[in-house]
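J.: Residues or ranges marked as domain 'THUMP' by TrEMBL: 79-193. Annotation comment: TrEMBL describes Leu211, Leu212, His236, Phe237, Arg293, Gly315, Gln324 as ATP binding site.
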Amino acid sequence: MTAAQSVVQHPTHGRFEPNRVLIHYGEIALKGRNRSRFEKALRHNLRHRLRAAGLRPEIHQGHQRIWVDLDGLAASDCDEVMQAASETPGIVTYQPVHFLPATGHSDRQALLEQARMLLADLANRVDHPGKGTFAVRVKRADKRFPLPSDQIAARIGQSIIEHSPWERVDLKHPDQTFHLDIYLDGMYCYGTRYRGLGGLPVGPGGRGLALLSGGIDSPVAAFVMAKRGCRVDFLHFTASPAQQRKDADHAVIQLARQLSRYTGHSRLFMVPYDHFDMALHGDQRGHEVILFRRFVARTGEALAKRLKALALITGDSLGQVASQTMENMVSTSLAVRIPIMRPLVGLDKADIVDIARRIGTYEMSIQPYKDCCALLDHRPRTRTLPYNLENIEQQLGLTDPALLQATLDDAVCLQFAAGRDLET
Ligand code: ATP
Ligand code: MG
């Protein structure tokens, strides 16, 4: 840390400085006896995410909440913690808070006074839009606290009106809410509560291998699965993997790096499609694309076995393009024994684009890039029968294990964690 960076000082009398980032998770709490496993995964993922950013703050577990201790961190590190919380699956809300610890003998009334001053100070710093309204919400987990919540809220509200530009109260639809949560161990003061990704922590949901193109859909599919707790690695077919690995700005490398913000840690396997292309020789009357899909699935199955991944993940959406008819999806699925998960199958393109924009992959996906251009030039058949395809594959030798082996032998592997490249 440089001397120029300000260090958060605690406690600061009357001055609101966040000393914790408080994190709530919704669904994990419903998991009965599995709960502690999910909570552990969430803390572990957050810790790794922060370590990748060079931070090692303490992470604590409370009752249905966890918090990151900001003590001793620079103010800019607090932003990093917030960023990490916003990108970690399983987190429903997160907020920077000023925590006032209750020591055994501390006078609760004095603590409340302190909280009142802190919230008035916070109100002074929060942007105040012209005619903005506010509300104060008080939650008492400590029911022995001598004053009722609404009386406490009214007193804090009065202080905010006296000491900040906020003067209009609207308890139903306020523009800004100021919170005081009273627990046995102390009081939490905070303003805005931010919405996290939701979902479940990555890890307990098993491992999947996402077939990643440079397009819009497959990165979203990988994200959606990670958000439900799946560990995700990537497989990408491209013209020249060895060449591509040298280009850190390549679209697919950018995508894998960006996705690792959510997946935590992911490997990107880039394999060449020329072994397949050579075996294909000549015109296959519109079957090229589906033959390729089946070959990708078989390669994915072989790699998944090595990685102990239980399923493949694709960005298929029913009817979106000619190759994504139900017949063709079934034809692809029947080429392998491993299940193919298609989390976007029922989504409209506009909804997929919305997610891609939110997770920061959209701009990367629309860069000009053709992964397997020679094949995509053909007009694909919309109806294919697995039986016909099997015959063609037999004739061309596309199911030959040596072909899969040659493809995987040329694989190049890159690793990413928390949005950064790992040395490989
Ligand atoms: P995307 O936007 O993900 O590219 P798409 O609408 O272009 O999808 P297709 O090109 O038909 O759809 O591909 C269907 C799925 O096959 C993709 O979502 C992806 O999972 C997989 N796929 C396509 N091309 C590749 C590739 N070069 N390497 C690995 N997987 C691929
Ligand atoms: Mg595509």
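Please read every residue number as a count from 1 along the shown chain.
Using N, Cα and C of the backbone, Cβ positions are placed for all residues, glycine too.
The model shown is predicted, which means the values in this text are computed figures rather than measured ones.
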J.: If you measure every Cα to Cα pair among Leu211, Leu212, His236, Phe237, Arg293, Gly315, Gln324, the residues listed for ATP, what is the largest value in Å?
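T.: Comparing all Cα pairs, the maximum is 18 Å.
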J.: Around Leu211 (ATP binding site), which residues of its chain at least 6 apart sit with Cβ under 8 Å of its Cβ?
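T.: Correct list: Ser218, Phe234, Leu235, His236, Val296, Ala297, Gly300, Leu312, Ile313, Thr314, Gly315.
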J.: Can you tell which of the binding-site residues (Phe237, Arg293, Gln324) has the fewest other C-beta atoms within 10 angstroms of its C-beta?
T.: Gln324
J.: Looking only at the domain 'THUMP' (79-193), what are its DSSP counts of helix, strand and coil residues?
T.: 41 helix, 32 strand, 42 coil
J.: Please give me the CB contact count at 10 A for Leu212 (ATP binding site), counting all chains in the structure.
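T.: Other Cβ atoms found within 10 Å: 28.
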J.: Where does Gln324 (ATP binding site) sit in DSSP terms: helix, strand, or coil?
T.: helix
